[in-house]
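Engineer: Relevant sequence annotations retrieved from TrEMBL are reproduced here:
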| type | residues | note |
| --- | --- | --- |
| DOMAIN | B:21-440 | domain 'DUF112' |
| TRANSMEM | B:20-49 | transmembrane segment |
| TRANSMEM | B:61-83 | transmembrane segment |
| TRANSMEM | B:110-136 | transmembrane segment |
| TRANSMEM | B:148-168 | transmembrane segment |
| TRANSMEM | B:204-224 | transmembrane segment |
| TRANSMEM | B:320-344 | transmembrane segment |
| TRANSMEM | B:356-376 | transmembrane segment |
| TRANSMEM | B:388-406 | transmembrane segment |
| TRANSMEM | B:412-428 | transmembrane segment |
| TRANSMEM | B:472-493 | transmembrane segment |
Amino acid sequence: MSEAESVGSQRKGRAAVGAAVLAFSLAYLHQASSLSIGTAEQPGPALFPLAVGGFLAFAALVTLVEAWRGISRDETVDLPHGTGLVRVIGLAVSIVAYVLLLPMLGHIVTTVLFCTVSLRLLGGKSWLWAVIGGLTIGIAMNLVFVNALGVPMPEGLLDI
Amino acid sequence: MDTLDGLLHGLSVAVQPINIGAAFAGVLLGMLTGVLPGLGTVAGAALVLPLTFTLDSPETGIIMIAGIYYGAMYGGSITSILFKVPGEAASVVAAMDGYELARNGRAGPVLGITTIGSFVAGMLTAVVVTFFAPALAELGLAFGPAELFALVTGSLLILATVSGGGLASNLVPLGLGLVVATIGQEPVTSISRFTFGNGELSQGIGLVPVAVGAFGIAELLFLVSGKRGNGTTTKVRVRDLIPSKDEVRRSVAPWLRGTGLGAFLGLLPGPSAAVSAFASYKAEKSISKTPSRFGTGQIEGVSGPEAANNAASTSSIVPILTLGIPFSSTLALVLSAMIIHGVQPGPALITNDPDIFWGVIASIFLGNLMLVVLNIPMIGVWVRLLSTPQHVLVTGIVALSVIGAYSVNNSMLDVYLLVVFAALGYVLRTYGFQMAPLILGVALGPFLETYLRQGLALSRGSVPDLLAGSSISLTVWILVALAVLGAPTVRFLRRRRRGVKESTRV
């Protein structure tokens, strides 16, 4: 990516973040307005959220103005591309799958699966090594945290 | 109890075998998580702090928490020097000259110099803390809700303006953090807000999933997308740690100057560990006879900032103990862990809970001693740990983070939140937003709301009374205004003067 493109995507990205945060703050303010504001002497639960929502909306506007006027132009954004992008997306998808399957399949099964996939994806070695590594990390984690320290992780399929 | 009695009492608490064990385990865990590249101090502390909740006695728990804090703060420097991967802003300076020295084959002595420097700074600052904390706690008793509201708002504003990266880069995450803090039962009347009927959400969103997600997992995503770290893979043995006589001689004055700077800055709001490291680097560079050699491996550029960094981390315990206000993200975690142990830090702590107050003070001495005792034999292990292949490291840390997030409340909700904040942190950081204000917003939000509402009730709804009703709040607001507006005003005036000169020349 060229320097100019990088600066351009930085500005666009920050503008997008600003717009998203602005929309979020308005939705939040709308929700907050349904709470009771109370009186000046006895402020209700709505007072602080309204102030915070207003502050967030202001921060979002500052972001939009800065992006529009190109104030933060000295910062260049380093978006992942090529193999880096594949690795980021791969890891992110594996983490999401890990967390979603955790309550169903249980800690030990999902941890072994996640570690195997992640080792294969990031390490680039053979599946055999990834499976051995996955089993080692998964079982070790389970022994230390679930069996020894007594963290009650979801059991799922295997009750070890 | 006067200061000396208190300290002796604290030491008698701290030297009980279980507490020494807790300090040992805490420092070891803290260093381990601080050393691991990609985890960083904040996420590391967030992961291991829940382990202290298994301890029954609050003193032991808090001594371990303090150990984790010192260990993590120091561990970050090792990674920074050997790998040039600073886990947080405070270790950035260590990477400048430290990494160059390590590349020139002086890795061992540099680590030796930082170990001794951190120890000297930590011990000297602990003495200062011992004598100043009780006095500051007394001053803290004069702080009511209005004064605390001014102090918390002020510290957040100062943080947002001095952290760098432009105004919006700090305000947006701060606002988001404060929004997160409003989710759940509100602090005054316990009405549930923004929970959409979810019972678990009414307990609020804890700091652990936010910190581990936004700092830890997000950092791992950056790690796998970019170039691999190219560290020095040289072995460092214990005897390699011994610096040369010349290196020690050149480090003594920077250690002392750094300690002074750090101990003072640590008492003030703002990212003091990072600021004091930068300030010490600048000071050493301007005093040096050979300023141009800074950045190419000058030992003064490591010994000063590292002493300053550690002194600031130590003295920033004081605002926690005496006012109950954390000025950094790691300290925010420390505070929340203390609260879970049933300790409410604040000006009343010294009278209500002298065991805890003096126990923490004594644990500063103990923690710093542990740091040296542990660092010397463990250095070889840390270095080997740093050469762990990245794919193993990333995989292991994700699996560990999931357990860490789950274990705080034994709840899947925290694990889902971990992923949500990892995504948020990744997107925000990609576009240059800062993460520290997010954590502080989450941590300080409930305090801010309580102080605001109590303050308004006490001033009978009068905003001017709330803001300027007492000389303390007025002073705090004026100091904050000076801190926030001072630098931009000076810059504006300087630019204008230069502009005038240029226009007269034409």
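Positions of Cβ are set from backbone N, Cα and C atoms, glycine also.
Note that TrEMBL annotation is computational and uncurated.
Keep in mind it's a predicted model, so treat the numbers as computed, not measured.
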Engineer: Under 8 Å between C-beta atoms and at least six residues away from its ends: which parts of the chain pack against the transmembrane segment (B:388-406)?
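Structural biologist: Result: 36-39, 43, 46-48, 50, 208-209, 212-213, 216-217, 220, 223-224, 228-229, 412, 414-415, 417-418.
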Engineer: So which of B:61-83, B:320-344, B:356-376 is most in touch with the transmembrane segment (B:148-168), counting Cβ pairs under 8 Å?
Structural biologist: B:320-344
Engineer: What same-chain residues lie close to the transmembrane segment (B:356-376): Cβ under 8 Å, and 6 or more beyond its ends?
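Structural biologist: Those are 1, 6-7, 9-11, 13-15, 19-20, 23-24, 26-28, 31, 58-59, 62-63, 66-67, 69-71, 74, 111, 115-116, 118-119, 122-123, 125-126, 129-130, 133, 137, 238, 241, 314, 317, 321, 343, 349-350, in sequence order.
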Engineer: Rank B:20-49, B:61-83, B:320-344, B:412-428 by Cβ pairs under 8 Å to the transmembrane segment (B:110-136) and hand me the top one.
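Structural biologist: Comparing B:20-49, B:61-83, B:320-344, B:412-428: B:61-83 has the most Cβ pairs near the transmembrane segment (B:110-136).
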Engineer: Establish whether the number of Cβ pairs under 8 Å between the transmembrane segment (B:204-224) and the transmembrane segment (B:320-344) reaches at least three, counting only pairs separated by 6 or more residues.
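Structural biologist: Output yes: the transmembrane segment (B:204-224) sits against the transmembrane segment (B:320-344).
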Engineer: Does the transmembrane segment (B:320-344) reach the transmembrane segment (B:472-493), going by 3 or more CB pairs under 8 Å (6 or more apart in sequence)?
Structural biologist: no
Engineer: Would the transmembrane segment (B:61-83) and the transmembrane segment (B:412-428) count as touching if the test is at least 3 Cβ pairs under 8 Å, pairs 6 or more apart?
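Structural biologist: No, these stretches are not in contact.
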